[in-house]
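Lifted from Swiss-Prot, the feature list:
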type: SIGNAL; residues: 1-19; note: signal peptide
type: DOMAIN; residues: 20-96; note: domain 'PAN'
type: DISULFID; residues: CYS49-CYS73; note: disulfide bond
type: DISULFID; residues: CYS53-CYS61; note: disulfide bond
Amino acid sequence: MEHKEVVLLLLLFLKSGQGEPLDDYVNAQGASLFSVTKKQLGAGSREECAAKCEEDKEFTCRAFQYHSKEQQCVIMAENKKSSIIIRMRDVVLFEK
């Protein structure tokens, strides 16, 4: 095998192991988390919201909720183990 082919196969292998942004989260439709430490951000998709959660440097993001109608993302330091869950329409809660 030529050097170029080996490099190409290696890059394809590394790319395939990354997975989807939401794979690291468990989701609950219609659940909202009461959180003290949070940020509200605009996001066009759940995946974009997950990326914002992963990239945040101000606190450790343990959960996020996505409001599809408003295209709003709320990233939070708390999760269901440390906070209260309330029922809410048109929202999906994602937790690590």
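Cβ atoms are placed via backbone N, Cα and C, with glycine included.
Cβ environment of CYS73 (disulfide bond): GLN40, LEU41, GLY42, ALA43, GLU48, CYS49, LYS52, CYS53, PHE64, GLN65, TYR66, HIS67 lie under 8 Å away, each six or more residues apart in the same chain. When secondary structure is read from DSSP and collapsed to three states, CYS61 (disulfide bond) falls in the coil class. Long-range Cβ neighbours of CYS61 (disulfide bond) (same chain, at least 6 residues apart, Cβ-Cβ under 8 Å): CYS53, GLU54, ILE75, MET76, ALA77. The number of other Cβ atoms within 10 Å of the Cβ belonging to CYS49 (disulfide bond), over all protein chains shown, comes to 26.
In three-state terms derived from DSSP, CYS73 (disulfide bond) belongs to an extended strand segment. The 10 Å shell around the Cβ of CYS53 (disulfide bond) contains 25 further Cβ atoms across the protein chains shown.
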